[in-house]
Amino acid sequence: MTPPMASSLAVLISLVCATLASSAAGVRVDLTRIHAHPGVTPSRFARDALRRDMHRHTARRLAAASNTTVSAPTKKNSPGGAGEYLMTLSIGTPPVRYPAIADTGSDLIWTQCAPCSDHHCFKQPTPLYNPASSTTFGLLPCGSPLSMCAVETAPGCSCPYNSYNYTYGTGWTAGIQGTETFTFGSTPADQTRVPNIAFGCSNASSDDFTGSSGLVGLGRGAVSLVTQLGAGRFSYCLTPFQDTRSTSKLLIGPSASLDGAAGVGSTTFVASPATGPSYYYLNLKGISLGTTALLIPPNAFSLKADGTGGLIIDSGTTITSLGNAAYQKIRAAVVSLVTLPTSADGSAATGFDLCFALPSPKAAPPAMPSMTLHFDGADMVLPSDSYMMQDSGVWCLAMQNQTDGEVNILGNYQQQNMHILYDVGKETLSFAPTKCSTL
């Protein structure tokens, strides 16, 4: 990891020091998925997603109440990304609109800021936000409780300028922390402006966030958007990978609910380790394929006292990743039900461990039973197209295995067409199967 050049940071600080509001609000945002494009094949999607997910897992190992609802339009991202979902929001005064990855697996809100040379920043789809051109920008004091220097699990920071170097498995970003007014909502009627949001003004980043102009952390930490808004809950509904046109809504605040939804299940969050990251841990007790309960060791998904293991739900990771003991049971169960020949070429093309050869490129895959994730108090039922992925001529198990003892991750591919509510105040996750494009 290479930190930003000191000269670039100094230029950014000198430009914004001469420029220079606290209320919480709710938010409504549309979601867009990165690969919302018919030209992106499932095999390319899978390769990119698995590459970035593996790096993200590596970083995890190394890092070991409002009356208004804020809404963000959210959709699958454009080609070049790896299956993340984008939310659209605006920053500053006058507002600068930009797309950012919606990530429940991290906390920092950030966007790239001018000055930022091509050598230090990735190419983004919108103009760079310039803090010197905004009348509402301010530097975040190092003494602020939202300073990265005050956040115990922060990957890195330094004062007096509150600079940070925030590391993901998918890459890194570095800059200074500031405060700004953010605008949420896609139309004037549903727009909400929220002042004094602490965020990262990045002037150096790795080239790992293509298709976006930054990232919005929705985790449980102090600097996440959810925490800063004082929102008791938020919800989203992710449109499926095959749907290249639809958007859905991310709601943060009182309007986030599953009222009227059928088949709602709820499970309690597992407390995060005292010295570990603030993830949304869940108590997964077992997995079934069809009516068959898989013989997975009872502690396969348990969060250990030392902070290892456990299972988290993460909108910023694409493919579900499970410890080898659990994954091998799922793999064997799928193999026992599919009479098609396995395809080594399909595995090489997609990066998935288990792929089958279809009779022809356009042949429909055979029927498969649903997969049920048995959480404490609720079952999440996944149809076959939420755990299998079809490409031209191959059909693959869209999961990956990892070393036992690492954190297990429920990725966004397995969350598609599921309306999910995070009730942070009540410490519960609720979900209901939904056609997300209709919300």
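Keep in mind that glycine also has a Cβ here, set from the backbone N, Cα and C atoms.
Ranges compared are 59-81, 105-127, 243-265, and TrEMBL records region 'Disordered' for 59-81. Sequence-distant neighbours of ASP103 (active site): residues of the same chain at least 6 apart with a C-beta under 8 Å from its C-beta are GLU84, LEU215, VAL216, GLY217, LEU218, GLY219, ASP314, SER315, GLY316. Other Cβ atoms within 10 Å of the Cβ of ASP314 (active site) number 26 in total over all chains.
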